[in-house]
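Taking it in order: structure first as structure tokens, then the write-up.
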Amino acid sequence: MPKAKYVLALDQGTTGTHVSILDTKLQVVGRSYKEFTQHFPKPSWVEHDLDEIWASSEWCIARALKSAGLRGKDIAAIGITNQRETTGLWMRGSGQPLSHAIVWQDRRTAEQCRRLKEQGVEPRVREVTGLVVDPYFSGTKLTWMFDHLKGARAKAEKGDVCFGTIDTWLVYKLTGGAAHVTDVSNASRTLLMDLTTLQWSDEMRAMLSVPAACLPQIRGSAEVYGTTRGMRSLPDGIPVAGMAGDQQAALFGQACFEPGESKCTYGTGAFLLMNTGSEPVRSSAGLLTTVAWRLGGTGTTTYALEGSSFIAGAAVQWMRDGLKVIKRAPDIEALAASVKDSGDVVFVPALAGLGAPHWRPEARGLFAGIDRSTTVAHMARAVLEGIALQIHDLAEAMRRDSGRDIPVFKADGGAAANNLLMQFQADVLGVPLVRPRNLETTSLGAAFLGGLGAGIWDSPEAIRRAWKAEKTFKPKMKPDARERHLAKWKRAVERA
């Protein structure tokens, strides 16, 4: 084991950057967080500044070290987890971004996706990548960038431009530009990776007109990709040794190591994943087949079924920033609890289209059932219920695809702290919901992958031992009431 005893988890999310420092018992000893700017240049467009993301990462690393009372030399390894699908281009030599990154929520390529579907390519895309043709994924974003950024394609064809999702950008910056890599979990979200070979697909790359020379090397989720160089708060030579997309890292952090084990993360969006073992399970119910992780460079690959809802916590942020009915996101729980029900108001959180299992990019958010008795409290409660009802749809699709029931539902992410939301989720699912003590399971998963890659741990069993439940929510709703909620929800979704 290295002399240093701590692992740093860099968790780069959609609205901000978290850094956590954990000891070898997986206890958090220091943490920090910093929001960064969301750019909305046009309706349905969402962008991030790559340089601002990196600046927030360096700031958070310094603050987390300070909060832990540690120095950079105390860090034995770094693990990364990240918002997936968000797409960036930068110059290979200088690291200068060619533009803002296009965020996973961005819908600007909806027309391009419609044309691809009309060409009849979606069945083949599903077969090769496990994904659907949707603006959500990196591939069409990358095509758009090459079509609209002057000179970008020619530079990429010469090998002068790097493409990367956020994990790739962070490793590039951490290693002083030495490593241009991604891991299998992030690569599986691009529309460009073959799920079977775990390599870039020439067929998909040709379909999307993506130059091969810009693509990063695909690696495992727990191995050394490079070492730190030129950092402000960390010495040179610390191994960057683990990475996974945020939802896969959360599945790992929730100790879902056996086929059939599942979790749902409530963050900006909400994402339900089920471990399906060493073979990919193809979906016929509108879900995605994705890579969960591969431990080591040549280890066994674990796959997952995923249901992705684009808007969860983001709906609460919209209530705060757009409608201005609350001052802080946590305030929504007290407002919603001030009424006994939603007053028959239903909210469909299609603020960025509808994701799985519907896949309707043209859908828009909807409040249904409003009358003169409706108050902002009813609307707040409907927002929380809408988040839970969309997860019910994902869980039903997952049961059909996997042939497995979900006997216990593990929840994590920031919005999982909301007791009203968690109770309603258990009610509409009709199964117990378990919330862990550590809600930031993405960071836990990233830290453990980094520690595995650097040799601090030699198996995932330590994370299973470290996992502890904080509270179990048992369903209380009567079946007939549940069916009424679901019927109203179904009608509202059809109108969205």
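Cβ atoms are placed via backbone N, Cα and C, with glycine included.
Under 8 Å, Cβ to Cβ, and six or more positions away along its own chain, ASN418 (ADP binding site) finds PRO330, ILE332, GLU333, LEU384. Under the heading ADP binding site, Swiss-Prot lists THR14, THR268, GLY313, GLY414, ASN418.
Cβ neighbours of ASP246 (sn-glycerol 3-phosphate binding site) (same chain, under 8 Å, six or more residues apart in sequence): ASP11, GLY13, THR81, ASN82, GLN83, ARG84, THR265, GLY267, THR442. Taken from Swiss-Prot, the feature sn-glycerol 3-phosphate binding site covers THR14, ARG84, GLU85, TYR136, ASP246.
Listed in sequence order, the residues of the same chain lying 6 or more apart from THR14 (ADP binding site) and placing their CB within less than 8 Å of its CB are GLN83, THR86, VAL103, TRP104, GLN105, GLY267, THR268, GLY269, ALA314. Annotation source Swiss-Prot lists ATP binding site at THR14, THR15, THR268, GLY313, GLN317, GLY414.
Summarising the annotation, Swiss-Prot assigns glycerol binding site to ARG84, GLU85, TYR136, ASP246, GLN247 and lists sequence analysis as the type of evidence. Secondary structure from DSSP puts GLN247 (glycerol binding site) in a helix.
When the binding-site residues THR15, GLN247, THR268, GLN317 are scored by other C-beta atoms within 10 Å, GLN247 scores highest.
Sitting within 8 Å of the Cβ centre of ARG84, GLU85, TYR136, ASP246, GLN247, and not among those site residues for glycerol, are the Cβ atoms of GLN83, THR86, TRP104, ARG189, GLY245, PHE271, SER308. Residue pairs drawn from THR14, THR268, GLY313, GLY414, ASN418, the listed ADP binders, are separated by up to 20 Å at the Cα level.
In this structure, GLU85 (sn-glycerol 3-phosphate binding site) belongs to neither helix nor strand by DSSP; it is coil.
Here glycerol is bound by ARG84, GLU85, TYR136, ASP246, GLN247 per the record. The longest Cα to Cα distance in that group is 15 Å. For GLY313 (ADP binding site), the nearest of the binding-site residues by C-alpha distance turns out to be THR15; the candidates were THR15, GLU85, GLN247. The 10 Å shell around the Cβ of ARG84 (sn-glycerol 3-phosphate binding site) contains 26 further Cβ atoms across the protein chains shown. In this structure, the CA atom of TYR136 (sn-glycerol 3-phosphate binding site) is 15 Å away from the CA atom of GLN247 (glycerol binding site).
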